[in-house]
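> According to TrEMBL:
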TRANSMEM  A:6-27  transmembrane segment
TRANSMEM  A:34-54  transmembrane segment
TRANSMEM  A:60-80  transmembrane segment
TRANSMEM  A:92-116  transmembrane segment
TRANSMEM  A:136-157  transmembrane segment
TRANSMEM  A:186-210  transmembrane segment
TRANSMEM  A:255-278  transmembrane segment
Amino acid sequence: MAGLLLQIVQGLSLGAVYAGLALALVLVHRFNGIVNFAQGELAMLSAYVAWQLLDAGLPFWAALPVTLAVSLVGGMLVERSIIRRVEGDRELAPVAVTVGLMVFVNAAAGLVWSFAVRSFPNPFPAALSFGSAQSGFSALGVLGVVAVMMLLLHAFFRHTGAGLIMRAVAADPVAARLSGVRVGRVLGLGWGLAAAVGAIAGILVAPLLFLEPNMMGGVLVYAFAAAVVGGFRDPVAAVVAGLGLGVAETLAGTYVAFVGADLKVIVPLLVIVAVLVLRRGPAGTAGTAGQW
Amino acid sequence: MTVNGPGDHPRSLFEAPPGTGNGPAALLRVHGLRAGYGPARVLHGVDLELAAGEMVAVLGPNGAGKTTMLRALSGLVRGRGSVLLDGTELLGRAPEEIVRLGVAHVPEGRGLFAPLTVEENLRIGAHLRPAAERAEDMRRVLAWFPVLRAHLSQPAGSLSGGEQQMLAVGRALMTRPRLLLLDEPSRGLAPVATRRMFDVLRAVGSHDRVAMLLVEQDARLALEFTSRALVMESGRLTVGGPAGWPQAGRRPSLFRPGR
């Protein structure tokens with residue numbers, strides 16, 4: 001019974017990471033209608049930035065805000081320099097650009113930091129570690145950080161002027177322009193926020209998966225599945241789906257004999273197929289608007 | 001044959017009445033405005049002058065280019081020619097920059113933020129205004145459209161069509177424009193609410209010296225409330241004059257110049 005509980009907590013913490021990256025995908029899609037295939041690689045890049053800061057001797061809780069700031073600015077620069085050229089293009093150009101960005105960032109990270117696997121310090125104190133309880137404690141830490149991030153995001157969108165303007169742009173960019181909103185800057189800020197949210201997912205998952213340029217590949221598949229459940233528009237559905245996927249994956253890997261560790265990845269793929277079939281329409285047509 | 005060469009009509013028909021739109025007092029001067037969508041040219045050279053505080057209606061058949069003219073003035077459609085607002089060229093500027101110069105556009109389909117609340121919609125309209133004046137502006141708009149007060153925390157998309165129209169006009173007035181472009185402000189409104197809407201517009205126009213250019217299907221209404229009416233036909237303003245010159249109640253098509 002205690003084993004099951006631990007499995008669920010671990011599943012939730014893994015799910016929190018998926019939820020974080022899924023939230024980043026939803027953020028980008030809500031603001032400029034683009035599915036960002038490079039979201040995972042940007043998160044990986046952020047994890048490397050954090051690792052570099054830690055390597056330079058910064059304590060974790062100082063490196064985290066610096067990394068988030070770097071990711072925010074970096075995401076805005078990527079949008080303003082590259083992505084805006086394909087915004088509004090309903091065809092394949094945005095897909096090609098973000099896939100290209102994904103490959104480029106992956107290769108660039110390999111060039112700079114090599115593809116060697118590095119360990120990443122676990123930020124959560126192991127003080128309570130006795131037996132399996134240590135991993136349970138760190139799982140709760142991951143859950144807590146993601147929960148705080150989501151609350152901050154919610155507060156930003158609900159209770160600040162900038163958040164209101166961002167929601168207006170997400171609701172109707174043309175009407176926002178007619179109210180004098182400089183929509184381009186808002187789209188850039190959307191990418192920056194998404195990059196920062198993804199950075200948290202990357203930093204939290206790095207101690208579990210170890211740091212290497214390909215570490216986010218699997219996470220991105222789960223995040224995609226979670227975002228698809230929310231139609232790439234509904235952040236709450238994406239977060240709930242991310243948590244559920246984490247638990248389902250962990251439990252299936254442990255208790256369903258033929259799934260095991262190797263076949264776990266079929267769980268998110270089944271979710272994607274099931275959602276798309278049941279919705280009978282392209283992702284993004286369903287989902288509720290305006291929720292943050 | 002051209003229907004609107006300067007020689008066809010007295011020049012004064014295209015201009016504001018003496019003392020309002022002529023001379024340096026004109027707030028808006030449009031000259032030779034052309035616009036279209038891709039290869040399809042819709043506006044073929046529109047000339048127009050509008051004085052501060054003046055309310056002018058644009059009548060005309062569907063597809064004549066009335067909406068396109070408003071969209072070109074607010075920057076939603078690229079236009080060529082010249083559009084001067086108080087001497088500043090508007091053509092070539094982005095819509096968000098034109099708003100900042102004092103032009104508010106209430107578009108067809110209203111241009112509201114459906115998932116946001118009524119209050120949030122109004123706050124976005126005011127986001128460029130000094131923080132100290134926003135509360136007073138909000139109070140003003142709610143006094144003009146008291147029905148909105150009961151729905152402040154409701155999503156705009158849940159309002160009736162007429163309430164959405166009032167909110168859209170309120171949102172535009174929150175920007176404190178010098179020029180207000182209105183695309184069928186009476187659409188979706190019951191007759192009583194329509195008159196109320198026009199009363200408000202007339203009051204704002206005369207009190208705040210806001211110039212208004214409104215596209216309207218209801219010619220009788222437009223001619224009753226506006227100081228001048230122009231007729232748009234095939235991408236040109238073909239005839240105009242003081243409202244009341246085409247008698248209220250008669251169809252504007254009767255006043256097309258002979259082809």
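Including glycine, each Cβ sits where the backbone N, Cα and C put it.
Neighbours and distances for these, please.
Proximity of distant same-chain residues to the transmembrane segment (A:92-116), defined by a Cβ-Cβ separation under 8 Å and at least 6 residues beyond the stretch ends, is recorded for 33-38, 40-42, 44-45, 48, 78, 82-83, 85-86, 212-214.
Here the transmembrane segment (A:186-210) has long-range neighbours at 14, 16-18, 20-21, 23-25, 27-28, 30-32, 36, 39-40, 42-47, 49-51, 64, 67-69, 71-76, 78-80, 83-84, 87, 117-123, 138, 142, 145-146, 149, 153, 162, 165-166, 169-170, 176, 216, 218-219, 223, meaning same-chain residues at least 6 beyond its ends whose C-beta is under 8 angstroms from one of its own.
Only residues 6 or more beyond the boundaries of the transmembrane segment (A:255-278), in the same chain, are considered here, and those with a CB under 8 A from a CB of the stretch are 218, 221-222, 224-226, 228-229, 241, 245, 248-249.
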